[in-house]
């Protein structure tokens, strides 16, 4: 009996592993199975996710705090900085959760597997470094500026997602090919830098040396100017001085841009796409193997139950044992009910391996959402009403009215654009709302009458329209109650404490989205939009790595450049520009200097000159080394990451386009697909030999055959 309970619990865990595409290489004794299910329970995983969110969000509170309304250093008030020990206490609690997390993971997979897992080793190393840095912070009473543990925080998000790990592995495989193109870009930049320094060399006439003085004074400045030109951030500013002197100089910049942007950058995209195109398919193939392996492992342990005949030449599982397992498995109710129905309709009491596997193919099917039926009216008049207001043409009429509403609002806004607030007459905008909002209410009620409330609410577009209509109606009634009905010279924003009319105008912007209902009526546009929406929903791993990159660079930037810019205060400035030796990548510092220079406010002239000098000195001190930071950011975020995203987007979009172009539309059925289901038709099923070989390699499971 104890053995049977153990086999049942093992089967439950293996099936849950298959549902979540988890590895089955973990301990399978009774206590470990209980701990395993507890660890992967919703509550435990929610706590772990909340802990990761909290430790990442600490950067917004820690010094320098981001809790200010404006980011402008001239106008913002001193930010609230938490006392020493407050955020550190929260951080310590997060570290304790991570220690428990790594301890449970290490125990469950076993120590032999632990030493083979590089991610867990990196997890422990990250925790050790973070705790050491935390102790150092407290010993300095939180006065140190460099905190290494802040840069390491994104790792906790990274290691908690298997898809993010697979994405990084795929990126790592494409780096050699990307390095060759990046090297070619470096050669391209170097050659044109030398040409530029020879072409725009200093002459005796200082008036003609604007190009040399501004962009090509020395090798670092020349290289930086052309690198920024490769991003088109300083185009056409970089060529204006030379072009003003001689039009023929434009040939140099045109050749550089054509070779760099049109050829080399697009060649990089093509190479990355070629290397990255099979990433998702391989990932889904691996996930399918994990699912099949988990189901087969559940079959093998259930076939060891004592209720199965011992002299059977082939392994079988009783239907009753599978029912007992399904009752305890945490899975989608739709899949569970479908499997139970298939099991009840099956005439055999014993299931073979193929029959057992076929039952769980329900997990691979599309999640189908079928809309409730429309009400059946007995009255002939109501049937006519239902036919008229449930017809697609009634929806087309609503789109036309929404378009008319948008056009009318645009006309009023254009007419009032140049008027002073005291000159503006809101009578026309109020009259427009008095017509369109009742129509939206009438449209909603007629659709509910034709479709029924449940069917109406089953469509997301109807829910959005209905919510928007109710909000508009409530605000319109409140506006009339406070300000009265619209009349010439009506300006309700100047009356009372609450400007309800401003709220109505903000909600009017949402009316624009009503016109997006036209998209489902256009086949190919609907195909493009639904494909992109599905991609956005299923590319969480890619977005997660993007968060990791942004977070790490943001923390690094804070540590490198904190205090580099001196606040100048809300006083007047003089027209100054950046010094000649400071040409910051992408024009960031130049724009900041120009922003300071145009502020001609009232104040003390001498004091402002001092502030500007201090500002420019602080900029120059960090200018040279800051280039490395921003060039690294550009390479990782724009050159590599954007191209990787384009490659993944193309791979998914092309495949899904081919699939959906051959699918017949069904009016009352919506398919809810995931990334795993997108490539279901091109995946290869693992053979029985492959599954059994993998099961026999399980470090903690001993099979009888």
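Numbering starts at 1 and runs along the chain as it is shown here.
Note that Cβ sites are derived from N, Cα and C of the backbone, with glycine treated the same way.
Note: TrEMBL annotation is automatic and uncurated.
In TrEMBL, the transmembrane segment annotation falls on 628-650 of the listed ranges 582-604, 605-627, 628-650. TrEMBL assigns the feature transmembrane segment to one of the listed ranges (370-392, 393-415), namely 393-415. Looking up the ranges 249-273, 274-298, 299-323 in TrEMBL, the one annotated as transmembrane segment turns out to be 249-273. Residues 67, 82, 87, 90-91, 94, 97-98, 101, 150, 153-154, 156-157, 160, 551, 554-555 of the same chain sit 6 or more residues outside the transmembrane segment (43-61) yet have a Cβ under 8 Å from a Cβ within it. Looking only at the domain 'Ion transport' (395-653), the predicted model's pLDDT averages out at 68. Using a Cβ-Cβ cut-off under 8 Å and counting only residues 6 or more beyond its ends in the same chain, the transmembrane segment (541-561) has close neighbours at 56, 59, 64, 145-147, 150-151, 153-155, 157-158, 161, 163-164, 166-168, 622, 626, 629, 633, 636-637, 641, 644-645, 648. Simply put, out of 120-141, 393-415, 628-650, 628-650 has the most Cβ pairs sitting under 8 Å from the transmembrane segment (249-273).
Tertiary proximity for the transmembrane segment (178-201) is limited to same-chain residues at least six positions away from its ends with a CB under 8 Å from its CB atoms, namely 211-212, 215-216, 219, 222-223, 225-227, 230, 242, 249, 252, 256, 259-260, 264-265, 267-268, 271-272, 275, 635, 639-640.
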